[in-house]
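The active site, for sulfotransferase activity annotation in TrEMBL covers 99. Taken from TrEMBL, the feature 3'-phosphoadenylyl sulfate binding site applies to 99, 100, 101, 102, 103, 182, 190, 292, 308, 309, 310, 311, 312. Positions annotated as disulfide bond by TrEMBL: 293-303. For 91-334, the entry in TrEMBL reads domain 'Sulfotransferase'.
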């Protein structure tokens, strides 16, 4: 009996020993794998934490952590004071254009550790009621940020609203202005598609695009139709140039931002005098969505809302041809003014 107990005890000890050795080997392998993985995407490689123009590591940490709590209103005044957080007037504004890719641009710029975005469209400068509330109301609509960071907001209606250029000029005559554009006819159809979807959700009927874009009396392009007017980029830009020099504008190619976002974002970084921080690591193509999604770090990814990339209705080819012919001279003038040429038909 004693002999059997000794044998059982030895067997148990052998099993426990094997488990302990196995666990130890797993931990060693795990640490080794982490060591091997780290050089593929070190944090200082992604954000460049060495040099005089660097973004402090704490800014990166708080931007994805505590700043989120501050935006939700979950932080105390003491926490805000201790972390030197402030609500700043934007140093750059995405002023348009509607259905050009303003949301995508804002979200992608937010990948940069020195950029903090206003989550909602504020509509301060284009809304008389909001504008009457004053600049402090506008400031308090902004997210908390560190003093060295740039706050950016976007309201696409700014670009086409007559009063906005003067109002922004009075706030900050040296502000940087971002305009993102797409091929004008495609943008107009996208504009129509968004409105159409809204009507359908409410079980309302809506005219076909052809009937809105073409004047039935003259059979010419209907310039009273808002979707058409918005795509005449040069007309709106000329109004802005009465207050701001062309050097304070940066034109973003909205079509290229969909297919090759990184080069466009690097141009914006340079325009905003930001150290280059956004890399290919931060952007990955989602084949299911057909768009690039955002990677902030190893655990936090984000794709744009499902409403992005709506399928456009079929439009009569003769109407598309007529619109492209109509927009052509305006496009040529836009190229001349901005110094940027696009491959628009």
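Any Cβ shown, glycine's included, is placed from N, Cα and C.
Here the C-alpha separation of residue 99 (active site, for sulfotransferase activity) and residue 293 (disulfide bond) works out to 18 Å. Look at the Cβ of each of the recorded positions 99, 103, 310, 312 and count the other Cβ atoms within 10 Å; the largest number goes with 99. In sequence order, 283, 284, 285, 286, 301, 302, 303, 304 are the residues near residue 293 (disulfide bond), counting only same-chain partners six or more apart with C-beta under 8 A.
Remark: of the binding-site residues 101, 190, the most isolated position is 190 (fewest other Cβ atoms within 10 Å of its Cβ).
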